[in-house]
Amino acid sequence: MVAVAVMGAGSWGTTMTKVFADAGNTVRLWARRDEVADEIQSTRRNQCYLPGVVIPDAVTATSDPRVALTDADIVVLGVPSHAVRDSLTRWRDFLPDDALIVSLPKGLERDTARRMSEVIAEASGRPSEKIAVLSGPNLAKEVADEQPAATVVACTDHDSAKRVQEACTTAYFRPYTNTDVIGCEIGGVAKNVIALAAGMAAGQNLGFNTAATIITRGLAETVRLGTALGANPATFSGLAGLGDLVATCNSPLSRNRTFGEHLSQGMSLEEAQEACHGQVAEGVNACRAIQSLARAHSVDVPIADAVVSVCFDGATVKESIMNLMERDTKAE
């Protein structure tokens, strides 16, 4: 049993709180809003972000980050990618010296295109062997409902990955370890962008052929980019690559897919965000960073380019699909 601090009470942070508690650990859950922490503590529910799920008694909720972080062996970051640097900068003095930090958000820093593990290292001063990434086909509601799922815990230090793995293994949640942090992070980021494209196609009532094409060619550009950044190509055929991509592109529970559908139906970014209960899909924040990384490494990412054109350049989904189909023919 270890002491776990989960920093962020959104749907995924709350779900992983339940997983760590069900694995036999004591867990403190930090919520940014006082009322969310109070509701969890008094009712064992988080109706705003994870309705209908009972939060175990082993969980203590608080809105005080110092209280949440005190004596934690594992610190799980559940804040959105755009908030990671500022949050860790504020919490740096409270972080226990020996704690492992586990990253949940699947995004890139908007201005720098840095991966979350890189941002965490810079903001916390921790070495890479103390920073892990959790990534895989993990839709929060399904995991919270204890439907069988698997994931990947990636860290450059296998022993650290093993510690996190042991702390979050339950009868319904099976983590595997990996030392390819770059591959697991790029797989998690890119699939959000590809899922936006899949949602856009679904919003146009396009069928399975189109969906399969987007997933397959999306995987191809993810492998190209990841390999250029130093990832192991084999990672992308595993849970943190293909597994996550398939789940996120196909499920109606996927925020990125749903967001893409809204955009395809003519909504603006602001309207789509409102339709998604005020939450922006990570793929919207990541698509330009993916494009920037790809250009810096001379990698072709046509689907990501198409998503950028719809989200930020005023292109319609139909125009973007036509542009993709009219590209020069080539070998697969």
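Residue positions begin at 1 at the first shown residue.
Keep in mind that glycine also has a Cβ here, set from the backbone N, Cα and C atoms.
Model, not experiment: these values are computed from the prediction.
The NADPH site in Swiss-Prot is built from S11, W12, R32, R33, A140, R255, V280, E282 plus one of K18, K106, K130, K162, namely K106. Neighbour counts of Cβ atoms within 10 Å were compared across the recorded positions R32, K106, K191, R255; the minimum falls on R32. Taking the Cβ of N256 (sn-glycerol 3-phosphate binding site) as reference, residues of its chain lying under 8 Å away and at least six apart in sequence are, in sequence order, N192, V193, A195, L196, G199, T248, A281, E282, G283.
Not a single one of the recorded positions S11, R32, K106, K191 has a C-alpha within 10 angstroms of the C-alpha of S254 (sn-glycerol 3-phosphate binding site). Within the set K106, G136, K191, D244, S254, R255, N256 that the record links to sn-glycerol 3-phosphate, no two Cα atoms are more than 15 Å apart, and one pair reaches that distance. Non-local contacts of S11 (NADPH binding site) by the CB criterion (under 8 A, 6+ apart in sequence, same chain) comprise Y49, L50, A140, K141, A144. The record assigns S11, W12, R32, R33, K106, A140, R255, V280, E282 to the NADPH site; their largest pairwise CA distance measures 22 Å.
R32 (NADPH binding site) and K191 (active site, proton acceptor) have their C-alpha atoms 27 Å apart, to the nearest angstrom.
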